[in-house]
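Undergrad: From TrEMBL, here are the annotated features:
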type	residues	note
BINDING	18-24, 112-115, Lys147, 170-173, His186	NADP(+) binding site
COMPBIAS	314-327	compositional bias 'Low complexity'
DOMAIN	14-244	domain 'NAD-dependent epimerase/dehydratase'
REGION	314-334	region 'Disordered'
Amino acid sequence: MPFMTELLPDGARVFVAGHRGLVGSAVVRRLTAEGHPVLVRTRAELDLRDAAATAAWLRQTRPDAVVLAAARVGGIMANSTYPVQFLEDNLRIQLSVVAGAHAAGVPRLLFLGSSCIYPKFAPQPIREDALLTGPLEPTNEAYALAKIAGIVQVQSYRRQYGAAYVSAMPTNLYGPGDNFDLATSHVLPALIRRFDEAERSGAPEVTLWGSGTPRREFLHVDDLAAACTLLLRSYDADEPVNVGCGEDLTIRELAETVSGVVGYRGRIGWDTAKPDGTPRKLLDVSRLFALGWRPRIALRDGVAQVHRQWRAQAAGDAAGSAPDPGAEPTAAAH
Ligand SMILES: NC(=O)C1=CN([C@@H]2O[C@H](COP(=O)(O)OP(=O)(O)OC[C@H]3O[C@@H](n4cnc5c(N)ncnc54)[C@H](OP(=O)(O)O)[C@@H]3O)[C@@H](O)[C@H]2O)C=CC1
Ligand SMILES: C[C@H]1O[C@H](OP(=O)(O)OP(=O)(O)OC[C@H]2O[C@@H](n3cnc4c(=O)[nH]c(N)nc43)[C@H](O)[C@@H]2O)[C@@H](O)[C@@H](O)C1=O
């Protein structure tokens, strides 16, 4: 490997923490396609909450860069039910990986936060400098605080040691390998599963959570992965970078889109005893757009892709085989 003058030289070896997850698997696909050898460890091989084991592995392998996509992640209900794990697991993983990378002399690191770090009533679209300007949304406060600690940790390594470590703040994501467990999933895979099962069973109504009025922005994880490698190659500054498509819709509109793709024609009901969460969190993506990145996968195409994978997964579960998480969406254009 040549002396590191570039932020991510050609052929740089990258450790992708969380490579089996939604984001990590997409980042592995993207890095591999760009010619980077990728280092991975399963949770069974290396629990990233274990600081000593993580530091030892990073010292032994000394990758050229780390993408921190390992985290305790979940939808609104999982976040509200398990705030202790969402706070503590994420703090511990971040402490292990960022400190371990620095101790091992890893020159480059990308930390992934989340759009829920911003105040509940932040002006829309939300700029990066809205951080710490108001109270957080209570349903995911513990997770958001852990992510904010991660951002400050990364900034501190920059300020104190001059490390080229940076943070990205993705909006709500979806894609191949998503979590379809209704108790822990995010809304988009939950809706695909609910409408698909209702269509197959002929159920007259599907009941969704909340009022349907909150607005959310959805980005395909392959678009996020392209942003991650661009940031690794070209971004080196203190402030986090928002990653979103720049457009949002209500959960009711999302439900109409997903039911249309799935072909479900029954009624949609709303259980207002369930939480709505934050009313809106559309990201200002001008910083990332200025670097030349654009989202490529339209929501309807991405939903159709994930629906096909859910069908394959459901059929595979019944037959005892696994789906292909790398299958392409059929069309790709915004
Ligand atoms: N999904 C989304 O909508 C969004 C995600 N993000 C961020 O992107 C990142 C990745 O999220 P996503 O891919 O969706 O999450 P997933 O739950 O799909 O994947 C998380 C990964 O982290 C691994 N992991 C968790 N705990 C540990 C541990 N103690 N030791 C080792 N590995 C561990 C999991 O391993 P295993 O496979 O063994 O479970 C899994 O591979 C997170 O930082 C998240 O905050 C940001 C905005 C939105
Ligand atoms: C990525 C992001 O994800 C989480 O925040 P969230 O955006 O509020 O999460 P969500 O995807 O679970 O819900 C979005 C909206 O959709 C509604 N909704 C309807 N019906 C279902 C449903 O069936 N399941 C789910 N999960 N939601 C439903 C739900 O009531 C809410 O109004 C946090 O983890 C946060 O920390 C974070 O970073």
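Glycine is no exception: its Cβ is also placed from the backbone N, Cα and C atoms.
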Undergrad: Per DSSP, Gly18 (NADP(+) binding site) is which: helix, strand or coil?
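TA: Where Gly18 (NADP(+) binding site) sits, the three-state DSSP reduction gives coil.
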Undergrad: Pick the one among the binding-site residues Gly18, Gly21, Pro170 whose Cβ has the fewest other Cβ atoms within 10 Å in this structure.
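TA: Taking Gly18, Gly21, Pro170 as the binding-site residues, the minimal 10 Å Cβ count falls on Gly21.
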Undergrad: Just counting, how many other CB atoms are there within 10 A of the CB of Leu173 (NADP(+) binding site)?
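TA: Its Cβ has 24 other Cβ atoms within 10 Å.
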Undergrad: Within the set Gly21, Gly24, Ser114, Leu173, which binding-site residues show a CB-to-ligand 2 distance under 6 A?
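TA: Only Ser114 qualify.
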Undergrad: Are there any residues at least 6 positions away along the chain from Ser114 (NADP(+) binding site) with a Cβ closer than 8 Å to its Cβ? List them or say none.
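TA: Same-chain residues close to Ser114 (NADP(+) binding site) (Cβ under 8 Å, separated by 6 or more) are Tyr143, Ala144, Lys147, Met169, Pro170.
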Undergrad: Would you mind listing, in sequence order, the residues at least six apart from Gly24 (NADP(+) binding site) in the same chain with a Cβ closer than 8 Å to its Cβ?
TA: Val16, Ala17, Gly18, Val67, Ala69, Ala70
Undergrad: Quick one: what's DSSP say for Ser114 (NADP(+) binding site), helix, strand or coil?
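TA: In the DSSP reduction, Ser114 (NADP(+) binding site) maps to coil.
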